[in-house]
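Engineer: The structure is given below, and queries will be raised subsequently.
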Amino acid sequence: MNIESPTTTRRGSGPVRERPRGLASRRVWHRVTAVLVCAWALVAVAGTIGQRWRPGLGWLGLHAAALGVATNAVVVWSDYFTAALMRSPSRRRAPQVTVLSVLNAGILALMAGTETGREPLQTAGALLCVAAVIAHAIMLGARSAGALTTGLGRTVLAYYLVCGFWFVACGVLGHLMTAAGGSRLDVFMLPHIAAGVLGWLGMAVMGTLLTLWPTMLRTRMVPGAETNARRVLPLFCLAIAVTGLGGVTGRGWISALGLLGYTACVGVGINAMWAAAKVKRPAGYASRSVICGLAWLVGTLVAAVALMATSAGRQQMLGRLPHLAWPLLGGFAAQLVVGSLSHLLPVVFGGGPGRVRRRNAIMDAGSDARLISANTAGLALLAPLPPAGRVAALAVLAANVLFLLVTILRCALARRPLGISADDTLAERGRRFAWILGAGVVALAMAVATAVSPSTMVGGLDAGAGAGADLSDAPVQRVQVTSADMAFTPNRISVPSGTRLVVALTNEDTGGQVHDLTFAGGAGTGLLAPGASAEVDAGVITESQEAWCSVAGHRQMGMVLQIVVDGTAAPAGSSGDDHGASGEHAALDPNATMSVGAFDAALAPATDRTVHEVHMEVTEEVVEVAPGVRQLRYMYNGQTPAPILRGHVGDTFVVTLTNSGTMGHSLDFHAGDISPDEPMRTIPPGESLVYTFTARRSGIWLYHCSTAPMSLHLANGMFGAVIIDPEGLPEVDREYVLIESEAWFGAQGDSADADRLGETEPDAVMFNGYAFQYDTHPLPATVGERVRFWVLDAGPNEQLNFHVVGAQFDTVWKEGAYTLECGQQPAASVDASCPRTGTGGSQVLSLGAAEGGFVELVVNEPGHYSFVNHSFSYAEKGAHGVLEVTAR
């Protein structure tokens with residue numbers, strides 16, 4: 001079936017109407033809306049790539065794709081198809097302009113509210129989006145009144161009205177997610193996603209393809225397609241509801257049943273499309289993009305069924321949802337939108353058959369290369385790639401988006417018609433070349449990423465044989481070894497002298513840890529994600545030796561493989577040194593100067609938000625940690641300490657953790673009292689989890705990586721704080737947060753020395769991740785101001801005795817209770833704002849590892865007041881700063 005534009009006027013069919021101008025013109029209107037969709041596509045790409053440096057942008061990119069790109073496209077084109085099928089063209093563009101204006105204002109307000117933490121703005125944005133879609137649905141329904149309606153038109157309209165209902169449901173559930181306290185946020189997460197993706201986007205796609213697909217192929221709709229589509233519409237809705245019900249009840253098998261039913265309903269639509277494709281083969285970029293999008297949808301649905309069916313509870317279900325975000329929005333929705341636009345824009349831009357052919361040729365340019373490169377890069381993103389590999393894949397996708405924008409611009413500007421001609425031979429040659437080009441683009445991007453960052457690649461590349469050995473005549477011994485639970489099995493191999501040893505290593509770690517096997521000569525497997533295998537050729541063995549896991553701290557925890565030559569003694573046991581045999585390590589340089597900015601210790605007050613959505617990305621980077629000292633740090637969101645979170649008792653924190661490092665990492669929030677099995681598990685590189693907890697008690701709570709060896713991960717910078725205000729905590733003039741930690745330096749540019757950690761005194765003790773930084777950048781205060789210091793001892797080992805030289809504390813709060821309040825014994829009658837203070841005082845706040853509290857003081861004279869760890873050997877190693885007090 002072919003759909004004409006509702007505004008087309010045939011010559012000779014009656015009086016010629018005046019050509020519409022401005023937005024009333026179909027050509028102008030669709031150019032403007034195409035620009036709008038493309039602009040949101042750029043925002044989505046920028047957010048997706050930008051989350052590498054600022055994880056919070058991942059949420060923005062996700063919703064820019066779902067709301068900005070997909071929702072705008074659904075609103076624009078559902079109106080177009082309804083008008084065409086009902087033969088009821090709109091005489092006024094103002095209502096559509098209003099709907100789109102309100103919708104996009106709502107999207108911007110929703111994003112701004114989320115980014116700034118302003119719940120009223122967030123709620124207003126959601127309400128505007130819902131109102132716009134409701135108004136749009138009413139307008140579509142009004143078109144059918146008195147229109148020449150066909151069965152196909154009624155069915156497609158029903159799909160559009162149903163998808164509008166699911167958008168409203170999605171908005172309501174989204175509001176309940178952000179406004180709810182406690183576990184209700186977890187309860188509504190999966191129903192929100194099901195309503196938005198499967199209901200709003202899925203129903204719009206299946207309804208549109210019912211009429212658009214035959215039009216793309218320039219063939220007739222197969223008999224029974226419209227009837228079957230009408231019959232499965234209630235089943236679609238039932239499947240979506242069951243999927244959401246599984247999320248509400250926390251039973252994955254219920255969601256799996258719903259997803260299975262939804263997959264079957266999609267199969268009915270695909271069956272009709274397949275029958276049409278057998279009549280007329282899909283040949284252009286538009287139809288093939290639609291096919292790729294549906295392939296992603298079916299593949300994702302099948303994977304989702306398996307993931308939900310095997311989930312033990314709600315936390316595991318939510319932890320697996322991030323794996324489905326990219327396939328659904330990037331693989332499915334984006335390609336459906338792109339394919340549809342590629343077919344529709346040349347038509348609605350008008351200009352006669354010749355110009356339409358010209359525009360179709362423009363939109364088809366490089367079609368196979370674009371599809372192959374985009375889908376190959378998309379599949380690559382599902383693998384446990386290191387950061388460099390992910391950036392390479394994202395760069396390929398970004399290049400595809402930019403190419404699309406250029407083709408749309410060229411399509412809009414095309415004026416010269418194209419004649420009817422075809423050269424099947426050249427087309428086939430071009431298609432074969434396009435396959436090679438598309439795959440080559442991805443391969444080249446990955447090769448460049450590997451060359452730029454070879455040490456970060458996770459996989460199973462053979463490092464080659466040992467150097468300098470004659471391998472030609474040596475007998476070969478192959479040994480299978482597994483790694484799990486910080487051990488190799490077997491951990492000892494006997495080898496006849498002169499034998500060439502090849503070890504096949506399989507990482508069977510169930511805790512998410514990556515491992516490798518490295519020999520002293522440099523041969524190794526490369527890092528292996530859980531389930532991966534690789535071989536390493538150790539060369540000809542002539543003497544006993546050791547091989548080990550080179551991941552920081554793993555050798556020290558026992559991951560050593562002994563290779564023993566028959567008839568000789570085993571090599572002497574050693575904890576090893578991950579940083580080379582020299583044993584040299586960096587040291588504090590008293591003559592060096594600080595070359596980076598200081599961590600901002602000023603603490604913002606808690607907001608009124610009751611739900612805190614936080615995105616954390618683990619990265620591993622070489623940074624300056626003391627004047628003249630650079631170390632490899634493991635960090636959350638690229639900083640040490642990690643983001644300081646603050647709230648009130650009863651607040652809920654929803655933390656999405658993404659591991660973009662090269663080894664397993666995790667999170668442990670002391671502020672939450674929940675089972676550690678799921679949220680605190682170690683995740684391998686490239687994976688994510690959702691960690692949700694409710695703060696039930698006040699305090700300054702440590703959070704840190706709980707992956708073994710914990711002491712090493714913490715010493716490498718993986719810690720932060722959650723501050724939950726005590727009830728009735730008064731405002732003060734200034735608040736600062738200081739987190740003390742220790743460092744055992746490795747060599748310059750290397751990570752902490754795991755051999756010395758805990759066995760010797762630390763090389764440096766520091767506040768907020770950098771030694772002596774507040775000597776260079778003092779913390780300001782004014783005479784007479786009340787200053788509150790929140791203090792936390794992150795450890796991993798040493799005690800903190802916090803003292804301010806020249807000052808006294810009149811208020812001390814430690815581990816959930818006051819020990820001194822306004823210079824008095826804590827009592828209900830004490831006014832915590834301290835209008836009058838008693839004669840009691842404190843000189844030090846003593847904290848063990850992971851303990852925390854706050855102190856308050858008022859300084860009455862200007863000067864430079866040092867704050868220190870009063871264990872002075874630690875103050876002399878960096879736990880020292882200055883409170884600079886100026887006169888009023």
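Placed from the backbone N, Cα and C atoms, the Cβ positions cover glycine too.
Pulled these from TrEMBL:
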BINDING   H665, H670, H704, C705, H713, M718, H870  Cu cation binding site
COMPBIAS  1-11  compositional bias 'Polar residues'
REGION    1-20  region 'Disordered'
TRANSMEM  28-49  transmembrane segment
TRANSMEM  61-82  transmembrane segment
TRANSMEM  94-112  transmembrane segment
TRANSMEM  124-145  transmembrane segment
TRANSMEM  157-177  transmembrane segment
TRANSMEM  189-212  transmembrane segment
TRANSMEM  232-253  transmembrane segment
TRANSMEM  259-277  transmembrane segment
TRANSMEM  289-312  transmembrane segment
TRANSMEM  324-349  transmembrane segment
TRANSMEM  391-413  transmembrane segment
TRANSMEM  433-452  transmembrane segment
Engineer: Counting only residues 6+ apart in the same chain, whose Cβ is under 8 Å from the Cβ of H870 (Cu cation binding site)?
Structural biologist: N801, F802, H803, V844
Engineer: Taking the transmembrane segment (289-312) as the reference, which of 61-82, 124-145, 189-212, 259-277, 324-349 gives the largest number of Cβ pairs under 8 angstroms?
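Structural biologist: By Cβ pairs under 8 Å, 324-349 leads among 61-82, 124-145, 189-212, 259-277, 324-349.
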Engineer: Should anything in the same chain at least six residues away from the transmembrane segment (28-49) have a Cβ under 8 Å from its Cβ atoms, list it; otherwise answer none.
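Structural biologist: Residues 21-22, 57-62, 64-65, 67-69, 72-73, 76, 93, 96, 100, 104, 334, 337, 341, 344-345, 348-349, 391, 394-395, 397-398, 401, 404-405, 408, 412 contact the transmembrane segment (28-49) from elsewhere in the chain.
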Engineer: Considering only Cβ pairs within less than 8 angstroms, which of the stretches 61-82, 94-112, 189-212, 232-253, 391-413 has the most against the transmembrane segment (324-349)?
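Structural biologist: Most contacts with the transmembrane segment (324-349): 61-82.
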Engineer: Return the stretch with the most CB pairs under 8 A relative to the transmembrane segment (94-112), choosing among 61-82, 124-145, 189-212, 259-277, 391-413.
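Structural biologist: Ranking 61-82, 124-145, 189-212, 259-277, 391-413 by Cβ pairs under 8 Å to the transmembrane segment (94-112) puts 124-145 first.
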Engineer: How would DSSP class H713 (Cu cation binding site) in three states?
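Structural biologist: Reduced to three states, the DSSP call for H713 (Cu cation binding site) is helix.
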Engineer: Using DSSP and three states only, what is M718 (Cu cation binding site)?
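Structural biologist: SS state of M718 (Cu cation binding site) = coil.
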Engineer: Minimum Cβ neighbour count within 10 Å among the binding-site residues C705, M718: which residue?
Structural biologist: C705
Engineer: My understanding is the cutoff is Cβ-Cβ under 8 Å with a sequence separation of 6 or more in the same chain; which residues meet that for H670 (Cu cation binding site)?
Structural biologist: W701, L702, Y703, V722, A850
